[in-house]
Amino acid sequence: MKDLFWHLVGIATGLKILLIPAYHSTDFEVHRNWLAITHSLPLNQWYVDATSEWTLDYPPFFAYFEWLLSQVAKYVDPRMLVVDNLNYESKATVYFQRLSVIVTDLVYVLGVRSCLGSLGLGRDTQQFFAASMLLLLNVGLIFVDHIHFQYNGLLFGILLLSIGSLIRQRFLWSAFAFAVLLNFKHIFLYMAPAFGVYLLRFYCLEQASVVSAVGAVVKLLVVGLTPFAVSFGPFWQQLPQVLSRLFPFKRGLTHAYWAPNFWALYNAADKLAAGVLKVQDGGASTTSGLVQEVRHSVLPAITPPVTFALTALFMLPILVKLFRSAKKQSPLVFLRAVVLCGCSSFVFGWHVHEKAILMVLLPLCLLTLVNREDARYAYVLGIAGYFSLFPLLFDADLYIPRYSLYMSYVAMMYGQLYRIFPGFRGFHTLEWLYMLGFMAIPLYEHLLSFLLHLDQRLPFLPLLLTSVYSALGVLYFFGAYYLYALGISWGKVPIASSTSAAAVKRKRKTK
């Protein structure tokens with residue numbers, strides 16, 4: 001098989017260009033406002049200005065990134081850089097911001113190629129081609145970045161560069177890249193325990209002497225803290241204000257649309273119990289659609305410390321497994337630790353957005369190449385996780401694109417897994433039934449709700465069904481995959497397989 005990587009890059013880029021005129025969310029105005037703030041206001045006003053409700057709440061490296069973009073934007077349409085010009089979206093502005101996402105996806109492309117190379121995959125193998133397809137044509141990134149509008153490709157590109165460096169045992173480069181990533185978007189802090197344990201165990205503690213180990217720790221601290229010094233240094237006098245923007249705990253337990261996690265089921269159980277017991281809401285409703293603090297009617301109130309404690313508790317087993325793993329097996333355990341740390345934060349985190357499922361889905365694409373069990377769990381989560389992003393694309397004009405892109409991607413994913421693992425059909429009956437159950441949600445949303453005249457009486461029900469039903473799959477994946485990762489038999493499949501497409505074909509023919 002030829003190296004078709006750059007062909008896939010071209011196909012992905014063409015698709016992204018076609019989506020430029022598509023609907024975009026309020027996040028488009030968020031980033032336009034950040035362009036205006038960083039271009040028009042002095043540095044000490046960046047994290048203070050509140051002209052728009054969409055205040056700057058990403059770490060300083062992302063603010064510097066917006067400033068760099070603004071230096072180009074001023075030649076495209078300077079009116080987009082006026083702070084008071086709220087909700088401004090000229091055609092030039094739309095094209096500029098859309099193209100800025102596409103161009104910065106180059107970092108993601110480099111991250112994918114680097115990471116797959118670090119796994120030892122030959123560029124002419126079926127595994128390399130399959131992983132390239134799953135990552136470069138990832139439907140989640142297409143939904144979130146190139147329709148909804150964000151810059152996740154840039155961020156996940158840096159993450160993949162860090163992972164690739166770690167697997168190649170370029171520990172300091174990995175630590176540096178991950179520290180840079182944290183200063184672009186602090187949500188990746190939830191993956192930091194996996195990186196920290198790996199670097200401590202397989203870099204610092206692998207040194208020949210105590211002196212060398214101490215030296216390794218010092219190097220890591222210098223390399224890791226330097227990006228923070230460069231990032232936050234100019235804001236030292238305003239550090240409390242910056243941190244209050246980065247960690248706004250008054251936003252409430254869940255977002256307006258419940259991310260498909262444990263708290264979605266918790267909220268649903270509270271609503272059900274309140275209905276059965278005929279208890280009236282004692283505060284802001286969890287289904288009000290507003291970003292605010294809420295009170296549960298029946299179940300105990302949840303506070304940020306509770307969510308942090310649960311997140312840390314559920315990260316602990318895989319981190320212990322990583323620390324105790326043999327060096328030869330450590331890259332595989334590390335990748336699973338990254339996935340499960342990300343999933344722990346998604347399942348139990350405070351005010352989690354549905355988009356955060358990408359922190360689990362994208363690293364999991366790397367693990368689909370390991371063996372059938374990883375692939376099986378990845379597919380189940382993919383069905384639920386990518387479907388849970390549909391509420392981001394609520395405009396009626398997007399129904400056909402969202403369903404066609406989703407169905408094409410999951411079909412492509414199944415086809416590639418079948419080629420890597422001939423005879424791949426390893427789903428349990430309940431898994432099949434669960435995945436097929438997703439067809440009922442659009443059937444209700446687009447047909448039954450109108451036939452039964454429920455579209456006006458219960459307009460929120462499709463969102464509720466999407467959130468709760470997807471949450472069942474996410475929690476199933478989290479529990480089942482966690483148990484699998486902790487009890488894995490390491491002798492079955494190496495992390496890097498040399499199986500070529502020709503070998504796969506021979507194997508299939510001899511069955």
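Residue numbering: from 1, along the chain as shown.
Cβ coordinates are placed from backbone N, Cα and C, and glycine is handled just like the others.
Over in Swiss-Prot, the protein carries these features:
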- 4-24: transmembrane segment (TRANSMEM)
- 94-112: transmembrane segment (TRANSMEM)
- 124-144: transmembrane segment (TRANSMEM)
- 151-171: transmembrane segment (TRANSMEM)
- 210-230: transmembrane segment (TRANSMEM)
- 300-320: transmembrane segment (TRANSMEM)
- 332-352: transmembrane segment (TRANSMEM)
- 356-370: transmembrane segment (TRANSMEM)
- 377-394: transmembrane segment (TRANSMEM)
- 432-452: transmembrane segment (TRANSMEM)
- 469-491: transmembrane segment (TRANSMEM)
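Here the transmembrane segment (300-320) sits apart from the transmembrane segment (151-171); fewer than 3 CB pairs are under 8 Å, leaving out pairs fewer than 6 apart in sequence. Only residues 6 or more beyond the boundaries of the transmembrane segment (356-370), in the same chain, are considered here, and those with a CB under 8 A from a CB of the stretch are 115-116, 119, 121, 127, 130-131, 134-135, 138, 140-141, 144, 152, 156, 159, 163, 187-188, 190-191, 259-260, 332, 335-336, 338-339, 342-343, 345-346, 349, 378-379, 381-382, 385-386, 388-389, 413, 417, 420, 474, 493, 495, 497. Most Cβ pairs under 8 A with the transmembrane segment (377-394) among the ranges 124-144, 332-352, 432-452, 469-491 are made by 469-491. Counted as Cβ pairs under 8 Å, contacts with the transmembrane segment (151-171) are highest for 94-112 among 94-112, 210-230, 332-352, 432-452, 469-491. In this chain, the transmembrane segment (469-491) lies close to the transmembrane segment (332-352): three or more C-beta pairs between them fall below 8 angstroms, excluding pairs fewer than 6 positions apart.
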